[in-house]
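Per TrEMBL, the features are as follows:
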type: ACT_SITE; residues: 41; note: active site
type: ACT_SITE; residues: 90; note: active site, proton acceptor
type: BINDING; residues: 41, 231; note: Mg(2+) binding site
type: BINDING; residues: 42, 43, 44, 45, 46, 59, 87, 88, 89, 94, 212, 218, 219, 220; note: substrate binding site
């Protein structure tokens, strides 16, 4: 690298650091989300743009970014973070080769996160369609961290928002029947609150902020019940290129919004 190029790089890094610190100061004492949900999108495009041998390199880079993202959340005192790792649509529409790579990467991520800080890991989604090895890794991560009291990390794997709602309704009906209740009685007590209790995330606060990378502006069947009143923020950067400053900008934008909740 030439001296001028090196100086230019150092200068950009210095200015970036100043801007990042400025954003942090802005957020001090401000309104931060309690629960942030993240869709790291664009991993495959990232790998293809770099002419990498397989898209698995992009997925692995995206997984590394997820851990960084969780550290950013934890350092700011955010209580819950949900990561959209693998959808039910992915399970039916991706190739076997790509899915096998994803299963390995996700299993490694769950294992890594379960040994990091005081985070509590929870799998949200169904195990149908997931390999036994990955299910075992997820179960072990959940068990290993169940007594932890730090950042609550939801790993959405084998997840679909519509499937979650149908599973919740099925759980409500089965519970009601096991207690000897009738359908008429169930109709009388069925409320949005009851449905919420039977979601994969039952007992947790709904996400205040949903972030998606890669410039795509869609929800992709992600937390469609829980995000009814969420704020959304879309980042142009592809997943692996997400920077902490992008996250801080999202939080700054969130802190400036007036959440109406239908008022």
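Each Cβ is built from the backbone N, Cα and C atoms, and glycine gets one as well.
Taking the features listed in TrEMBL, we show where each one sits on the structure.
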{"residue": "41", "record": "active site", "DSSP class": "coil"}
{"residue": "46", "record": "substrate binding site", "DSSP class": "helix"}
{"residue": "87", "record": "substrate binding site", "DSSP class": "strand"}
{"residue": "212", "record": "substrate binding site", "DSSP class": "strand"}
{"residue": "219", "record": "substrate binding site", "DSSP class": "coil"}
{"residue": "231", "record": "Mg(2+) binding site", "DSSP class": "strand"}
What is the interatomic distance between the Cα atoms of residue 89 (substrate binding site) and residue 41 (active site), given in whole Å?
14
Cβ neighbours within the same chain of residue 231 (Mg(2+) binding site) - under 8 Å, at least six residues apart:
33, 208, 209, 210, 254, 257, 259
Rank the binding-site residues 44, 46, 87, 89, 219 by how many other Cβ atoms lie within 10 Å of each Cβ and give me the one with the fewest.
89
Select the closest residue to the residue listed as 'active site' from the following recorded positions, measuring between CA atoms: 87, 90, 212, 219.
212
Rounded distance in angstrom between the Cα atoms of residue 44 (substrate binding site) and residue 90 (active site, proton acceptor):
13
Give me the count of other Cβ atoms within 10 A of the Cβ belonging to residue 42 (substrate binding site).
24
Within 10 Å of the Cβ of residue 41 (active site), how many other Cβ atoms are there?
21
Once near-sequence residues are set aside, which residues in the chain of residue 212 (substrate binding site), 6 or more away, have Cβ atoms under 8 Å from its Cβ?
38, 39, 41, 218, 232, 233, 234, 235
Give me the Cα-Cα distance between residue 219 (substrate binding site) and residue 90 (active site, proton acceptor), rounded to a whole Å.
14
What is the number of other Cβ atoms found within 10 Å of the Cβ of the residue listed as 'active site, proton acceptor'?
19
Extent of the substrate binding site in Å [max Cα distance among 42, 43, 44, 45, 46, 59, 87, 88, 89, 94, 212, 218, 219, 220]:
22
